[in-house]
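For reference, the structure discussed in these notes is given below.
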Amino acid sequence: MEITKSAAGTLNQQDVSKYVLTNQQGTQVAVLTWGATLQEFSVVEDGKRHSLIVNKPDLAGYDHNPYYLCQALGRVAGRIAGAQFELDGQTVHLEANEEPNASHGGPHGFTFVNWDATTNQTADTASVVLTHTSTPADDRYPGNLETTITYTLTEENRLDITFDAQSDAATLFNPTIHTYFNVTDDQHDLDQQWVKLSGDKRLVLDQAKIPTGEMVPTAGTGYDFSQPRTVKDGLDQLHQTGQVEYDDAFVVEPSKDTPIATIGDTTGHREVSIYSDRNGLVVFTANPTDDARADVRDYNALAMEAQTLPDAIHHADFGDVVLPANQPVEHTISYQYTRK
């Protein structure tokens, strides 16, 4: 295992560092301290490096990136309806950065922080450990929240991402990494990328992408990924009902042993399995690297955001995102690469 550190540049008059984790197979994970960003997850196949995610080549591409490209989201990923919620008898008002709702932790959330970083290394793992304390003055959420995000690469080509947090007052905590995958050979589009999900329901969303509270079966619809299916095939079925994209929350079965989702290429070269200890997966089609193609919905990236179901604070059956005062919590997301 090897860990290197280099200067990535400067944002907001802060020096941003880049950490690269490399195992003996040549698999690399690069992390930027700005936004706790996963800049690279790549593997070596037959002597050629192949990226598994969609990325930007330099720091400038991650400065207020509208896609939150492979960046940390928090304190709460997804949207909070009305930019407010009730907690311990008090109404908490957040900044409505997506009027009239709050989105992805707000304009001063995890994405817009330059995290402190250290590293850890063992015989078969390499880690970068990112820490930050969020205050109510920063993001309007209650409590001073101490958060640690740890990226760990193993010799088995598994990337574990852990989120550890503790607050001095009750608050909300539902973080994720907004990772955009494309595991196909040339990463040009999603025509040859298939997806399989562990669940058979999705949330009904309104026009602002706020959950209505209803869960509906996916069987037989364009949202049915109970068996491996290309993104293109699913989109083609959605088009028949006037839909043009995936920007949806799926109900999945949390598990450390069974993937909540698997992504592969139809040539059979590679797969990535996603594991999570939470019950939601937001799936989003995009093209973060080509605005012209994005305008005509020519997608080359599939965001897979593992989290508790969005807007859970307003829906008791979606899961518990309340973090009581002085109580530690940990969540884990894992990506397992397999050469086929």
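Using N, Cα and C of the backbone, Cβ positions are placed for all residues, glycine too.
Swiss-Prot lists R79, D247 with the feature substrate binding site. DSSP assigns R79 (substrate binding site) to a strand.
According to Swiss-Prot, the active site, proton donor annotation covers H178. Long-range Cβ neighbours of H178 (active site, proton donor) (same chain, at least 6 residues apart, Cβ-Cβ under 8 Å): Y67, Y68, L69, C70, Q71, A72, L73, A77, H104, A303, E305.
Look at Swiss-Prot and you will find E305 tagged as active site, proton acceptor, backed by similarity to another entry. Reduced to three states, the DSSP call for E305 (active site, proton acceptor) is strand.
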Around the Cβ of R79 (substrate binding site), the count of other Cβ atoms that are within 10 Å: 21
Long-range Cβ environment of D247 (substrate binding site), under 8 Å and at least 6 residues apart: L205, K209, V282, V283, F284, T285
